[in-house]
Structures are given as C-alpha cells and as structure tokens.
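Visitor: To start, I am sharing the structure in question, which I have written as structure tokens.
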Amino acid sequence: MVRVTVPATTANIGPGFDTLGLALNMYNVYNFEETELGLIIEGCPDEYNNEDNLIYKSFVIAAKEMGKEVKGLKISMNTEIPVSRGLGSSSACIVGGVYGANELLHGGLSKDELFRIAVKIEGHPDNIAPAVYGGLTASIVEDDKTYCMKYNLSEKLKFCALIPDFETSTCEARKLLPQDVTFKDAVFNISRTAVLLKAMEEGNFEVISVSLKDKLHQKYRKTLIHQYDEVKKICIENKSDAFFISGSGPTLMNIIQNPEFTNRIKVSIMNLEHNWIVKYLEADKYGVTVEQI
Ligand code: HSE
C-alpha cells in the first residue's frame, strides 16, 4: 500500500495573487492500493464516492501521462483539511492522486514533473506549489511549463486560521474579479509582493503588515465572506500582525508572533453569527511525503 500525506496550503498571501503560497501543518492522508477491478473509496462523504472524485481523477490523469493503465483501485483517506474553505483541499486531492499514481504504478516521474501535471489539473500553481515543495513558494506558468521558487521563512512567523462554517466556491470567487486593473494598482501589488517575501524571510512583522496589502482581489471577494469586516476588526483589536483572505476564502488568516493570540480571539469570535473555528498553525517545511506501508 502507498501512503501519501499532503499539507494544507494558504494561497495569494495578500498581494501575491495566483503566485504566492505557503504550506501549513494540517494534513490529508491518502492510502492507495491496487485491486482486481473497480473503484473503492473510503473515508469521505458519499457525494465524493464515485469516479468524479478529484483524487481518483488526478490519479487517472497522472497514470495516463505515465503511459500506465489503472485496473482497480482502493483509496482510503483520513482528512484534516476542510473542504472549500480556502486551505488547499482541492490541491491536496490533486497532489495526493498524482503522487499516489507515480508511486503505486512505478511512474518514476520527478518532483518537477509531478508538479507540472498537478498544476495542469488545478489550473493555477499557487496552492499546488507549497503542497509539493513545502514552505513558502512563488510560482508561475509559462506556456505548458511550470516554475517554482522556494523562499526561506522566518521561524518567528506563526499563523492563526479562522475557518467559518460556510463554504465559498473558488470558481464563483474568481468571477467577482475585474477583467482589467489600473497600472497604479498593478504596481501597488507587484512592489508589495517583492517586499513581503523578504520581510517573511527576515521575520520583520512591521514590514509584513504594510506589504501584505492588496488592491487586486480581496476587496471584491470579501462580499462572499459573512461578517468579514467584523472579523477583521476583532483581529486588529487583538493585535493581529497581518490579516488576509486565505486563497479565495472564506478562511481568514492571521500572521502572528505570539500563539496567545489564538486564545484571546476565541472569546470575541464566539459572539458572531456564524461559527468560526480558530486554529493555530505553523508552516510545513517539506510538502508532500510518500511512504510504502
Ligand atoms: N489563487 C487562487 C484564487 C487560489 O485566489 O482564486 C484559490 O485556489
């Protein structure tokens, strides 16, 4: 049996829309076994228990790329990453399926090759890159090629995710974005993205908080997140060092220096209309791992 463990990810990180991503220490574990025939999926809700399952679809696409045939497959899983919450659950499924196929079917593909296949399935690289390489990543796609650069991340940076009891769809969240942006707004984001990466490497919280601002996506998408302004106010009052929408939302992420923030905020968050899980997280440095069990 092959076991693939994939970390959660937070993408965009303020100004780095469709570019920056960071792996977090919350994991989905997928087990893959060959069977005589058919498909067995265990450990997920019934609605995902069919051939449209993203883990299975990704497994099949990767197998095709390797020129291998899938006869029968059993997938079982143990998942921590909440679905459709902006924490990379789709990327985890895709990376899980692609890596599962490579290991179980002896595909022999390199990390970079598996990254390219996974990005092709997902459509954008920012969640896939940290799920594969771990840590803080910046990635781009040029024609059919994918490029990922991994940045150092200061150990001082800790994270507090606020995960609501409602979902948002990435597809819907992308429809809210404008077709064109002004030159001024583009420069605003480019400059902040470059500065943010160095500030995250050095653990310079003052610079992180300034450079995390963005003008390209969050102001459009916050309308999909109930009580966004109230949650942001609570975070700022409790001295969040930096606050941003995780991926396309609805999870709201704080970069923090002091884990105590997590306990402080729980009290105020409890009084809101929706339930918000307050989760303390740290960066995952390594990305996806594969074991033969
Ligand atoms: N960069 C993507 C977006 C991340 O914001 O739409 C979500 O998959």
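A Cβ is built for glycine as well, from the same backbone N, Cα and C atoms used for every other residue.
This is the feature table in TrEMBL:
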DOMAIN    53-135  domain 'GHMP kinase N-terminal'
BINDING   Pro82, Val83, Ser84, Arg85, Gly86, Leu87, Gly88, Ser89, Ser90, Ser91, Ala92  ATP binding site
DOMAIN    197-258  domain 'GHMP kinase C-terminal'
Visitor: For the recorded ATP site formed by Pro82, Val83, Ser84, Arg85, Gly86, Leu87, Gly88, Ser89, Ser90, Ser91, Ala92, name the remaining residues of the chain with Cβ within 8 Å of the site's Cβ center, in chain order.
Guide: Ala8, Ile81, Gly247
Visitor: Please work out the number of neighbouring Cβ atoms within 10 Å of the Cβ of Ala92 (ATP binding site), leaving out its own Cβ.
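Guide: Summing over all protein chains shown, Ala92 (ATP binding site) has 32 other Cβ atoms within 10 Å.
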Visitor: Judged by the number of other CB atoms within 10 angstroms, which among Ser84, Ser90 is the least packed of the binding-site residues?
Guide: Ser84
Visitor: What is the three-state DSSP composition of the domain 'GHMP kinase C-terminal' (197-258), stated as helix, strand and coil residue counts?
Guide: 30 helix, 9 strand, 23 coil
Visitor: In sequence order, which same-chain residues at least six apart have a C-beta under 8 angstroms from Gly86 (ATP binding site)?
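Guide: When sequence neighbours closer than 6 are ignored, Gly86 (ATP binding site) has Thr10, Ala11, Thr168, Ile245, Ser246, Gly247, Ser248, Gly249, Pro250, Thr251 within Cβ distance under 8 Å.
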Visitor: Got a sec? Which of these binding-site residues, Pro82, Gly88, has the most Cβ atoms within 10 Å?
Guide: Gly88
